[in-house]
Amino acid sequence: MAVTLMLFVKVLTVHTSARVKQALKAMDITVKTLMSVTWSLTVVVCTNATTYPATTVARVMMGSIWRTDGHNCLDVDECKFNNGGCQHICVNTMGSYECRCKDGFFLSDNQHTCIHRSVEGLSCMNKEHGCAHICKETPKGGVACECRPGFELARNQRDCILTCNHGNGGCQHTCEDTENGPICRCHLRYTLQPDKRSCVERDEASTDTSEHNSTSFTEVDKRVKRRLLMETCAVNNGGCDCTCKDTSTGVRCSCPVGFTLQPDGKTCKDIDECELHNGGCEHFCRNTIGSFECNCRKGFKLLTDERSCQDIDECFFERTCDHTCVNSPGGFQCLCNKGYTLYGLAHCGDINECSVNNGGCEHGCENSVGGFECFCHPGYKLHWNKKDCIEAQGLPPANPHSKPTLNCSKQEGGDRCFLTCQSQVHISSGMEDSYTVTCGMPLPCLADTQRNNSGLSCLGSEKATVPRIKTTATFKSGTSKCNLKRSHENLKQSLNWALSDSKFFFTENVQFSYVRLRCTSSGQKMRSRHGRKAGEEDGSSIMAEFELDVNLEEVTAESCDLSCVRRRSEKRLRKTIRTLRKSINREQFHLHFAGSDYELGKSQSQPAELPGHCVTGQVLIGRKCVSCGAGTHYDGDQGRCVLCPAGTYQDEEGQMSCEVCPGPEGREVSKVVGARNMSECGGQCSPGQHSRDGFVPCSLCPLGTYQPEVGRTTCFPCGGNLVTKRIGAVTFQECETKVQCSPGHYYDTSTHRCIRCPTGTYQGEFGQNYCVACPGNTTTDFDGSTNIMQCKNRQCGGELGDFTGYIESPNYPGNYPANVECTWTINPPPKRRILIVVPEIYLPIEDECGDYLVMRKSSLSNSVTTYETCQTYERPIAFTSRSKRLWIQFRSNEGNSGKGFQVPYVTYDEDYQELIEDIVRDGRLYASENHQEILKDKKLMKALFDVLAHPQNFFNYTAQESREMFPKSFIRFLRSKVLRFLRP
């Protein structure tokens, strides 16, 4: 069994019969060996069993088990196991089974699922079409009848004639095809019954009596006694159900594994292994005839011992979650980055903070991706709390932030640059060998700003007269990896010495307003699934973004106006970037922020990192890298996380420094250590209070106003002449409204009525005066929504590739939106066919097939249909496309909604069409729950598709990996199919 997958690959790489023989010869497998293997797989051999021609056995054994008297076959009821893989009705037949559909449905080409359609314009839905089995619409609008496998179309092109290829023609022993259908015959010593199908053994006693009427009853009795005394395994297998052995005291019967001998000493009874210790199964045990099967709970997979269960790592696929995926036993959880919120169970959308009480801004609010900005009207500027506005001539911000400064100098070895950043430093670590560093504050182009013609500058409301230049550049960093490291050199002393030395010459000295550096290792994206590199050159690239304010002091009315100064600044910036490029290429670029010096990367020529090295901002605890939490920062000298000192705070994880707390001028703030946000710095007004500068002493908000935040200079009015129940109100809910609005509504202070939240917004709380905007590019189906999960992405999902791909309903795995229509077209390369797997699909049937998924040759309604459904179907199904090109449509109406679907596909060489169809049309592929879980396991399906699309990829998997991927029953099933395909 260990060579099953290798054998499967060998099949897929062979295109001609000559190459088949060559592949078999290479594996030392001869046709004779294959036949013997097939025989052993097909026939359950019992002692002294009579052998029959292989063709007869093969026909009988397709859906039967060999009865252990050596002559008779007992039919297996496939419908007992998981409904035979049928979507609606399973009907057992002699040696086989067939699927049927309920009224209003007809059987699809895959012989397992059922198609529902409106009666209008479809002649196959007319009960008078006359087809005995399958009705197909022709391109010209008529009908064409087809028969199920094992049947032939009659001369009238409507009826179907049974053949011996279907369940041995219903015969218990041998079957012979004739013009009028199959004729059944029996083996020697057996007589055909009146039903013309089953056989019974002839009674020797009655035969003798009829032929010799003169024989007396006494003689018959003697003959019977003598027969009993002479009982032997050579006659009727000694009466044993299975194994018979002759002994000195008579015959001795025994049973195969999974059965126990009954008190009569002849018959065998199935053992229910699940009764004792749950069959040794870790989760669930299901008894079968002669054996049993272990199953696992949802979110787990069965291991190769077919007893134990292992958690499925859903986070194995990058597209499981938009941002961060956290695996857990039996499930997983998706988390979003700061400034984003979760919708659709797995997706992250930008939070529109401005939709919630204007973002808390006193004047204007502008949303941005991952954050937002407050801005003030002309004549005002932002307070230190970044939300209130104060007069431009009033109090300045308590602690103005210093700008990031770039200094470059000519030293031995070329240009050497230092980027100094004292505040507003932010570090975020991405995947392995990547990180992002920002310093300063970017200036967004707000609603009331102006752009110049070049689009380089942005006039913000804070600096309405100061243009800003914005540019980006990409740098290559030699052979170093992205790994922000504390510098071993004392760069700070070197920098201070350079500043104090009058002879020291700076080639560049630029003060930016905002700098963003994102470092990505070159080899990071090129790693294979086994972690091996694909031969790429190691190194890293740095994407830099700079924002620079134009120095208005350089503007002169006579020689150089504002446009002239801007051009000069842009020219100097380009020169600075050229110098910086040389510095980074030579690995002579360093960061100096928060009192520490860092290198962008660590060259491979330097000593290797110690085992267990963590990324920037993380510390090793045990064997796990943990980010420094809020209220702390990573100290490179001590190699650990330390609390933010008094007068500073840090509201994010994994940072290398802390931000300076705001404070009232002329007064000391309280000495709070480890502050996790600005409000914990101390000395600020509490919610429900305000003061001139946001610090104590504070006053309570007067009646008719409220304040939910700390450190504010004003309170929000209730509006509409509403008053509050008390002074110092904290929320709008304390305003005495005329009615209490329920979720899905907001209070309109002008009309004093509850208004339903408009489409694209929601409100989940009582008594609010606003609705929350849906995140990102999502919207709601209707107005009055009460939950963020009602916000849905309407974009049709999927990735269509030549070899592999997938389609998915909008907003999957969340519920799909109403009134949406999606179409996909799969066009495989020449000489390739399409295999589709539907792991599960959730479409509500309450709205009479208002939501449906259909796959057919083209958009024409009368084209060949491969698959169609309008209902929930949790059991997987695999099928091949009847056409080389596949047109897929999904449509929903305004009624109910559901989870929808994610359907993968693979294209394969058309030479293997017969093999693939033989696999996917066999009900045994779906009968076992363990087989069903394989079709739902994304990791396993990726491996199977990987090999089907490109057979040479099999060699990317070791023999051990191949054995551990699938249960033995699935490997046996595949192996029998492959051997049959190879049979000459």
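Cβ from N, Cα, C; glycine included.
TrEMBL lists Cys315-Cys325 with the feature disulfide bond. According to TrEMBL, the domain 'EGF-like' annotation covers 75-111, 270-310, 311-349. The domain 'CUB' feature in TrEMBL is assigned to 796-908. Sequence annotations record features per position, and here TrEMBL assigns signal peptide to 1-18.
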To the domain 'EGF-like' (75-111), which of 270-310, 311-349, 796-908 is linked by the most Cβ pairs under 8 Å?
796-908
If you count the other Cβ atoms within 10 Å of each Cβ, which of the disulfide-bonded residues Cys315, Cys325 comes out on top?
Cys325
Apart from its near flanks, which chain residues at least 6 from the ends of the domain 'EGF-like' (270-310) lie with a Cβ under 8 angstroms of it?
65, 81, 256-260, 329-331, 928-930, 933, 937, 963-964, 967-969
Mind looking up the mean pLDDT for the domain 'CUB' (796-908) in the predicted model?
91
Do you know the DSSP helix, strand and coil residue counts for the domain 'EGF-like' (270-310)?
7 helix, 16 strand, 18 coil
With DSSP as the reference, give the number of residues of the domain 'EGF-like' (311-349) in helix, strand and coil.
6 helix, 18 strand, 15 coil
